[in-house]
Structures are given as structure tokens and as C-alpha cells.
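The following features are taken from TrEMBL:
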TRANSMEM  109-132  transmembrane segment
DOMAIN    175-353  domain 'Aminopeptidase N-like N-terminal'
DOMAIN    387-604  domain 'Peptidase M1 membrane alanine aminopeptidase'
BINDING   HIS458, HIS462, GLU481  Zn(2+) binding site
ACT_SITE  GLU459  active site, proton acceptor
SITE      TYR543  site 'Transition state stabilizer'
DOMAIN    686-1005  domain 'ERAP1-like C-terminal'
Amino acid sequence: MESFQNDRASLPRNMIENSMFEEEPDVVDLAKETPVYPLDPEDVVYEPRSSRLLVRGLGENDLDEEEEDYESSARLLGMSFMNRSSSLRANASPYTRQEPPGSCSMPSAWTVVVGVFILVVIASVAMVIYFLPRCTFTKEGCHKVNTTMELIYPISTSGELFPWTKLRLPGNVRPVHYDLLIYPNLTSMTFEGKVSITVEIVDDTSKVVLHASDMKITKAIVQDKEVKILEYKPWQQIAIKLPQEFKKGKSCVLTLEYSANLSNSYDGFYNSSYSDNNGVRRVLAATQFEPLGARKAFPCFDEPAFKATFRIKIKRNASYISLSNMPKNNTIKLTDEIFQDEFENSLTMSTYLVAFIVANFTSVSKNVSGTLVSVYAVPEKKDQVNYALETGAKLLEFYNTFFSIKYPLRKLDLVAIPDFLAGAMENWGLITFRETTLLIGKNSCILDRQLVTMVIAHELAHQWFGNLVTMKWWNDLWLNEGFATYMQYTSIMKVFPDLEIGNDFLSMRFKALAKDSLNSSHSISSTVTSPEQVEEMFDSISYEKGASILLMLNSVLSEEQFQKGVIEYLNKYKNKNTGNEDLWNSLSKVAKQTYNVTTMMDTWTLQKGFPLVTVSRNGSRVKLSQEHFLQKVDSDSSTAKSMSNNLWHIPLTYVNDSCSLSPACKQLLLLKEKTGTLDIPKGVKWLKFNFRNDGFYIVHYGEEGWKDLIGALTKNLTDLTHEDRACLINNIFALSRLGKVSFRHVLNLLEYLENETETAPLMEALSQLNHIYRLLEKRQDLNLVARMKRYIFGHFGELMDNQVWEEGLSVSQKQLRSSLLELACNYRRQNCTDKAKSIFENWVASNGKQRIAGDLMKTVFSVGTQTESGWVTLLQAYKYSKVDAEKRKMLHALASTQDILQIVWLMKASLEGSIVPTQELPLVLSTICKNFPGHLYAWDFLKENWGEIAQRFPMGSFPMQSIITSTTYQFSSKMHLLEVQDFFGSLKERGSQLRSVQEAMETIKLNIQWMDNNLEALRVWL
Ligand SMILES: [Zn+2]
């Protein structure tokens, strides 16, 4: 599955409004459309509490310090929050550990007796509660395996004891084959199903437990006898009592008939809709099963290790087509209106990869080495499918060769679904996408094509990594996602070098380092049991850290050996399930190196975080040491101690001034211990470790080492690769956050930027500085905000002003231009806003026909929406646009407004889901949060609407993680920390336990600490 890692990947769906295509978009007069959002303040029901406190300083960041008493402004703001938060009880948070009483006097005998009595009572009550059969006490399942506990079972829906006590299914039977018949009714939005599951008896048993959720089972038959079904809803399990005990080695067939509603929540078998060219609402039904949705579409053993074959039949109305994983075998006409499509028997596969669709899509196809590749979309967008077809075909050929195993199916469908929550899903043979990640309009820009190519490359890699070989359990999800992410970059570098994907891969690795430096991070391979924990595995660690450590291993083994090991692994385990160790064993087998791949890689997958390598040099002797790079909150000493003994087997690479650019210059050293030494030739002027940032660690060079490197950059920056320059910038900012170097050193290094022209280092510096700017802006420390802005303009202003606004640049030049200008216009640099404004006005005057370079659309539209009429005009254009990549840029601009009414309306509209689809809420909130005071409104919105948000998005899922992170990561005051703690604490099981909540609080604490440590220094240095 492709989650969303950044703005470019949080993607829109098509509109579902009937009114959308009331008239042809080409003839809409954008300027004359009436507003559709409530400009009248009376219409805005929602009134964020935070906003009442914020009257000053809105959009007023340009003032010089002499012009405004910023200190008093900031104090006013702080006081307001203090007043507001004073009602919060300081100790109320469940996240604050309650210290035991520090000291007490000796208790009297009476006190002891009473105390013992109370303890006995408490213990008894606890025992009673524990043995109550509702099973809400642990995530591991109700009870540990012991004779007393086994007698305690949950209560099923019918009131009888449910014969299973764990979230994971028992291993007493194994599914071998499913025969599934599905009949959706797209008028009543319901479906009927019948599944016959052949199971093999692994241990003598008289019961079968499997998954089923949100369905009504009308009949259950085993060996021609009707049997009883028990259901335990909290764990989405059903139990079938077999008519007699079945002996090990036998098999039997379970047949279940059922009915259910098509889901409204983007998972299971769900309904989707769009408006056709005549404004008529069209409906369709599609599936999204990963991770836990298959059980909502048919009763099944819904765990990845229960692989089986599937034969699927779908009944459909004559006006629709149906698609499934396998090619269609035949179609039977049941009545004039109803047809039944039967698909070929599938390969053995996990339930989460099963898929089917009933829709009125059209397609284009192409034969690639015996596989028919097709791209499907709604008929209105059939002119946007060709890029995906060509790209999919090329990548399929690449993977067929790279993995030395031919894609095993005769067909491969890529389908754009109008409503889709994830980025894409790798269902075997039937990959589903958001429209934005598959369709390319004729005016699209190369960055849109880059995104589509990346997502296709990711999903195609899954056809081997994930589908052919699957992880045993979700704890090793990274085997799927880390690998697919790694392959999405490496395949594109080879097949589409013009897309210049290297910079994206590099910044992805920087992002993974930042996430993994928090104490709330987790090991790549983590314990996972509850559904929320399964959802939470779809995060930056599984995808991005997973991909990063594979790159590191590749750079150690050599590309050739790495590929050989991967082929060995796929061949050995095809159609099976694996764990971490299986991949490492295969790679060890082919590795020429003397050290053990498994031992080395275990240190990267079984413990969280990554190392900081400190280098100190004395002549030709270099001392090395490693420690956990953990951003510590000083007041929280327990975490630091518990992590201090972690060690990694670090494949340290380095280059020096005599040879620093070619991979042949790279030297390698494995640092396994806490410390190590290295001898270098005399006369070496400087050393740069972590060549091209291929390793997953950060390096501190000490005062002298940094001085030497800064000297090298100043003298001739091209003595280092652009990846190495970006790496130095990233590392020095990270070290300053850790308190290892002062911010003064950071600024010293950045001085070299006046000669920098490459995208990667410039964008890394810009993004780090912008992050600090945003934090200061959110504190309304306007004095520092103004200085910071002056600093950024001092270093980047000329570059910003020199950007051209026309087409014709390379991908990386466009990426740089787009970042520079987005920031310049956002900071209200006049050169930028004047130009953007005039382009926007021309665009409006031409009724949207005037072409704007795709990478500049966001910037131009964002400037355009700063006036009320501009915002309304763009909202109209958003409603009418047929090109999803473009719509998404418009939505981004709409959310960049600083108008409070518009902000509030947009958040409400996104949650409600008609004009702005609900799947866009994470994007809307994260964009609103970038600006002041939007982030305060967004935070209040989150609190007021948590219940509804939690209903729309699975608990712990990537959209949920994104919403929590974006609404909290810019707080840097104790008052906000208390408020965030208090709010999430009050949610209890409805959210307080989420990892992203822990991360949010840790981030705020670190922000507070950073401010305490750096604010004064910034005032002096900036
Ligand atoms: Zn994936």
C-alpha cells in the first residue's frame, strides 16, 4: 500500500457533487460565479476558542522590530493562553507519571491493618474484574495460557461463551481454498455473498474460529449439515461449532451465506461515486482490504500467513463490468439484466490482497511479455490513462528482469478509483489507485508525472515483495513496505533517469532520521497485536527507514550481490511467508563479506533509533565512538538511561579531500563496538563520513572537524558531492537540536550557501530554516520572526528573485524553483507576490485557460486566494476541474488562506465531505496549520470534532497520524503541552494510547526545550 508521506502524496478524490458538471468547465466564467461558501459570519457556526485570543498580528509578519512592541504582543498572547489553560489541572494528565510519595512517617498498627484490609479488597475486586469475560484488559488477548484462564471466555453476541480468547486466530485449521460469490446491489448499496472455504485440519478440533465483521450470516453449513455460528464482535471473530470432532490431516468445507451493506468508510467492500459529464451521479463498488478489511467483505482467515487460493464469481448488472485479481474465465447470462462473471482460480495469496470492483470503467491495454497490462478509469477520464499504461509497461519489464522471476499472472490491471483513502493498493493483478496517483492530464507537469511513476513503481514492486513473498505477520510489514519504497526509487533511477528521483530519495531519508530520533519511535520490527497497532505500522519507520536501511545494505554489499540475494530470497520463499531473518539469511548466502548480514541488520531492525557517530582526529589517528541519537527531553531522564547501551553494527563509509566524488573513493569500516579507531594518511585535510548519505546515521566531527569541512565548502564546494553537502547541512541542524553544536556553528556552515546552486543542499537548508521560522511565527515572537525572515532573504533572496516563471527547466530545477517561490510568496516577498498576482489575474481573466506551469500553480493560486474574490473564484474552479492533480493544488491554495471564516468553512466542508472530499481533511488541516493563526483553529477543530474524525478514519491509520501531527507539532509552550496532554488523556481508549499522540507530546516538549536553549542566542546572532 502507498501511504502519504508528504503534501504531494496526500491526494484528492473526484467530486461527488451532482452539480459539478452542470455546465462545461471551459465556458465557466470564474470571475462571475457566485460564492458558494458562507461569507456571512452568521453562517459560520463553529467558533474556535483559540481564535478569540488572537486578534493582533494576523498576517503581519513584515514589520521591523522598531515598529512594533512585539514582546508585549507575544506576552499578551502567552497570557491569554495562560488564562485559558489555568483551569487545567497540572496533574490531570494520564501521561504524567504519578510519583510515589517521597517520604512518610511510620504507620501505626491500626493503619497497617486497615491498609492490608483495603489491599485485600482491592485485590479481590481486581480479580473479579479480571475474570469477567469481557476481555478488555490486555491487547494480547484476554488471558495468559494457564489452566484457570483457559476456562474464561468472552461472551458472544448470542450470550453464549465464545470459544476463543485471543485476537490472533488459532492454528488448529488452515484455509486452503475459497469459492466466493458476491452480488452487489448498487441501488440499495448492499451486497449478498456466499463463501465456501476448504480448510485443512492441523490439530484435532471441533471448532473453527475465523474473521467476519459488519455482516449478517444467514446460513452456515459444514459437510451438508447446518451448524451454529457464534460471534464475538469486539474482535471481529466468529466461531463455527463443527458437527463432530475433525481429525488432524482431514479437510472439510465451511459454507457461509451472508449479506451486508456496502461500506461508507473507504475500506472493506465500499461504495464510491462520481458525477459524469452530464452531472449525473454514477456509483460503483470497490474493495480496500489491507490491512483488516477483507473480513468486512467475506468471512475469512484474515491474517497474512493464512494464504489460500481464491475462485471469485461476481454477479452484476448489465451496465457494469466487474474486475478481480485474476483474468475472467467466462460470463453467464442469468437474466436479461443480470450477468455472472467467473474469474480464474488465483495463485495462493493472503486475504488482504484479494480485490474486486463493479463499475462502468473504460480501459486501454497493452501486451507486455505475455501479460496484458490495462489501465482503467471512469469514462470521463479515459484521455488521462495513457501515461500510466506506458509507465506500467516499462516498469513491469524492468521488474521481470531485475527479480529474474516473471510476473506470474496473465493480466495486470491498474485502476483509478474516484474515492480512495490510501495512495494506492497492490492487490495482486488488480492494483487500485487514487485518481491523482494514476491519471495524467495533457497539461500536467513533470512533477505530477514523477508522482504517478513513483506510485506505480511502488505497487509493481509489491507484486513480488508482498504478494509473491509475504510477511508472516504485520510486525514485519517493513518487508513489504520498506522494500517497495526502496524499489520505487531505485527502479525509477534506472528506467526513468530524466525524472531525477535521487533528491526525493535523499530528503525521504532525512525525514526518516528525524522521525526515528524521537523516543516515541519504534523498532522497524515491532510487537503488533491490536487493530490500532496494525494500522500504526503503516508509518514512516516501516516505509522510509525500511527503505533507508536497505539502501545502506546495498551500498555495503554492492548492487550486484544485493540483487542476487533478493532473487535468492524470492525464489526460496515464493508463495510463502517470511520474517526478517529469512531476508538476511538469503543476503548472507550471497554476500562476499566476512561479517554476518543477519547480525548487522538485526541491530537496525530490532531496536529503535539510529546511531550518532562522533569523530575526533589527532593527526593520522581518528577516534570513533557511537551512541544512540536520541532527542532527549532533559526533564525525562528515564528514557535516556534505558537507551544508553544500544549499539549498532555501522557500515561507516568515508572519503577525504584527495578523493571524494566517485564511489571508488569510498572507504568502508564496520564499527561494531562503542568505540573504534582508524588510521588515515598524513596530510589529509578533511574527512567526510557517510558518503552520499547512504547510511542511516548522523556524524559529529567535533569543533575541528566541522571547521575543516566548512573550510572545504567555502573553498570549493564541488569537492563534495551535492548529496554530501546536503548531508552536512542536515547533520549540523540535527546536532544543534541535540545540543551538541551551537546554532552559531549552523549559521557558520550556511555561509557557504551563497555559492550553492544544487537543489538538494539548498532545499535542505531552506526546509530546516523554514521549520524554525514557523515555530517562531506560531509563538508570535515577531521580533525574531522578522530577523529570521531577513536572514533567509539575505541567503536566498537573490535566488528567489532570479527564478524564471516559465516552462522549460529540469525536474530538479523545478523542484527548487517551486520550493523557493512558495516560500518567497508565503513570506510576502514583493517580487514574488507581484508576479504571482499578475499570473493569477491573467488566469482568471482567461477563465482558467491561461496555462500556468504545474510546479508554480500552488504558489500562484495561494497568492490569488489572499483576496476574498480570488478565494471564491478558485473555489469555483476547484469544483469544476476534472484534473485531480490540479484540483489538489487548488485545494492547497484554498487552505493557505489567512481569512478566519474561510479557514473554518474549509475545515467543516472537508469533514462533511461533499464539496471537499473527506479523504482530503489531512491535507486541508496540514496546510491550514502552516500559517498563523490557522494552526490554532485547526487544533480547536480537532478537539471539537474528534469523535467524527475517529469515525471517518481508522484509529491509528496514516490519515489519523497526519492529522494529530500537523495540528500539534508547532506548539512550543507549556500551556499548549498541558492542553494537548489534557485533551488526548481525556480520550482514553478513543485515542490516548496512539503512538502519534506520544510523538506529539514529545515533539512539543522538545520544541519548548529548543526555545529555552536557543531563543536568546538567536536574538544575538540573527
Ligand atoms: Zn506499499
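All residue numbers here begin at 1 and follow the chain in the order shown.
Using N, Cα and C of the backbone, Cβ positions are placed for all residues, glycine too.
All TrEMBL annotations are machine predictions without curation.
Where TrEMBL records a feature, it is marked here on the structure.
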residue	record	DSSP class
HIS458	Zn(2+) binding site	helix
GLU481	Zn(2+) binding site	helix
TYR543	site 'Transition state stabilizer'	helix
Protein Cβ atoms within 10 Å of GLU481 (Zn(2+) binding site), excluding its own: 27
Of GLU459, GLU481, TYR543, recorded positions neighbouring ligand 1, Cβ under 6 A: GLU481
Rounded to the nearest Å - Cα separation of HIS458 (Zn(2+) binding site) and TYR543 (site 'Transition state stabilizer'): 11
TYR543 (site 'Transition state stabilizer'): nearby recorded positions from GLU459, HIS462, GLU481, Cα cut-off 10 Å: GLU481
Which same-chain residues, if any, lie at least 6 apart from GLU459 (active site, proton acceptor) yet have Cβ under 8 Å of it: GLU2, LEU414, ALA424, MET425, GLU426, ILE431, PHE433, ALA484
HIS458 (Zn(2+) binding site) CB neighbourhood, other CB atoms within 10 A: 28
Zn(2+) site shell beyond HIS458, HIS462, GLU481, criterion: Cβ within 8 Å of Cβ centroid: MET1, GLU2, GLU426, GLU459, ALA461, PHE465, GLY466, ASN480, PHE483, ALA484, THR485, MET487, GLN488, TYR543
Cβ-Cβ neighbours of HIS462 (Zn(2+) binding site) (radius 10 Å): 26
Neighbouring C-beta atoms (10 Å sphere around the C-beta of TYR543 (site 'Transition state stabilizer')): 29
